[in-house]
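Annotated in TrEMBL:
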SIGNAL    1-26  signal peptide
DOMAIN    157-277  domain 'Heparan-alpha-glucosaminide N-acetyltransferase catalytic'
TRANSMEM  164-184  transmembrane segment
TRANSMEM  199-220  transmembrane segment
TRANSMEM  232-251  transmembrane segment
TRANSMEM  266-284  transmembrane segment
TRANSMEM  305-326  transmembrane segment
TRANSMEM  389-412  transmembrane segment
TRANSMEM  419-437  transmembrane segment
TRANSMEM  457-476  transmembrane segment
TRANSMEM  488-505  transmembrane segment
TRANSMEM  525-543  transmembrane segment
Amino acid sequence: MQGRTPFHSPLALMSSLHLLLPQCLYQFLAFVPPSNESLRKPGTASVMVDTQHPLTLLLNSSVGDRDLCKIQYHFGEFGNYSLVVKTLSTSNQTVSCDLIINEGPINSYLLRNWVYKKLNPRATDRMINSELGSPNTTDSINCDPALQSWSSGSRQRLRSLDTFRGLSLVIMVFVNYGGGKYWFFKHESWNGLTVADLVFPWFVFIMGTSIALALGSMLRWGSSKWKVLRKIIWRSFVLILLGIVVVNPNYCLGPLSWDNLRIPGVLQRLGFTYLVVAALELLFTRADSGTWEGRFPALQDILPYWPQWIFILVLETIWLCLTFLLPVPDCPRGYLGPGGIGDFGKYPNCTGGAAGYIDRLLLGEKHMYQHPSSGVIYQSTMPYDPEGILGTINSIVMAFLGLQAGKITLFYKDQPKQIMSRFLIWGIVMGVISAILTKCSKEEGFIPINKNLWSISYVTTMSCFAFILLLLIYYLVDVKKWWSGAPFLYPGMNSILVYIGHQVFANYFPFKWKMQDSQSHAEHLTQNLTATTLWVIISYILYRKRIFWKI
């Protein structure tokens, strides 16, 4: 049983790595070549190590046979680790050694792992923290007390990001379960906003922020771009497949049937958005993207990525052209209305304008959402999908703005005032754009706020809220530490499991039961709060047991 461990050394001299099994002599593993200063390329070596027993790794200098650092660790089966060696002082060859978990091991020994987590939860924390790739380093791992010249650390996860994700998810679960049947917990029929319309774009925004942190982390610790790209494609595929096969079908009505299977959906949009934004970031990001020298240091999180901004502007131009210029049969060009009896019944079959037309043309009416929110008030009869094709363009824009928030935290790490000021500036800029697009009105603006269409004004408004809310949570949780993030932290760290679980078990006890009075807000509120609270408790139990489902 083996784990693969690459070693990265910026030392200007040859060094060698040795391994010590319990009660055994040191065994030679590999020579680590010196770094190439002209190319800024560290010396690297990859080895396979045993995972059955705890090991001791010793790195020593080939000059003078001097021990540089020593570490004891129990590697996991099929795990991927990096031992990163950095020079602290060239005069006395003082170095630091950081053990990083690139890919978590497979839990082959469930009982042993459970006991080990109970006795030593910090090792589990390192596995969890490595996923997001937060820029801070605060924790330390076990080391030889005789060697004080080096230190080892792992990156501390941004609790504010998990808290924000968990807050969005808890509101989403509550809304999907019925929201007590209150109107403000239902999606707006067409233009405008309710509480229910806030959470999905926030989730997309947070996904973008996580992309910036995770990709930068993986590249800094030696993963190739091709390997990262394969992981991006796989995650996107799994998300889309889960949405189509697990979440969308109603198996209570019979087996899976392609004849009337809805193709778009929340997970499908998340998967495709993740694919585009993560691939875009991977294409232009660098392992040293946290440092930049240029004429405008205040714009260091924007200017180096100007090709990305051009790509996003081109995408948005495509959305604008299709929305306002695409001819739609029997509908006025640029129509953004709900159809049905809206607009005095002039355009009953024009629900969503170009967005609805593209979906009906490419997907077919039977593969779209059959009960849009516009049908209740506006009595529209045309199927319309709020997670359709055209709106996905603006969800990519939303995730890209979240990506910008992640870059801010990377470029200004350990500078909370800079981070918060930039969050505030971005929030104000997005708010001003929204005010211009909507003329500060619900119906009279150039482009009204509309969740069904995922209009650009909807994206800028939600981004404004997201930047401001992330600023507040970051200040309370990560800067002042006045709030641990509980209870939202727990579902935020198991978001995919909670989302899929609450959809699959929505109609089963104890999440739902037969009511005595189905017209009572009190009964609906009790049932919906109970179901939502149960998922928070489940996520807390999983958090305590260090069980996290990641794709």
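Using the three backbone atoms N, Cα and C, a Cβ is placed for every residue, glycine included.
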Do at least three CB pairs under 8 A connect the transmembrane segment (389-412) and the transmembrane segment (488-505), leaving out pairs fewer than 6 apart in sequence?
no
Would the transmembrane segment (389-412) count as touching the transmembrane segment (266-284), i.e. at least 3 C-beta pairs under 8 angstroms with sequence separation of 6+?
yes
Decide whether the stretches the transmembrane segment (419-437) and the transmembrane segment (525-543) have at least 3 CB pairs under 8 angstroms, with pairs required to be 6 or more apart in sequence.
no
Check the transmembrane segment (199-220) against each of 164-184, 232-251, 389-412, 525-543 and return whichever range has the most CB pairs under 8 Å.
389-412
The recorded stretch from 164-184, 305-326, 389-412 sharing the largest number of CB pairs under 8 A with the transmembrane segment (525-543) is 164-184
With DSSP as the yardstick, break the domain 'Heparan-alpha-glucosaminide N-acetyltransferase catalytic' (157-277) down into helix, strand and coil residue counts.
90 helix, 1 strand, 30 coil
Calculate the per-residue pLDDT averaged over the domain 'Heparan-alpha-glucosaminide N-acetyltransferase catalytic' (157-277) and state the result as an integer.
88
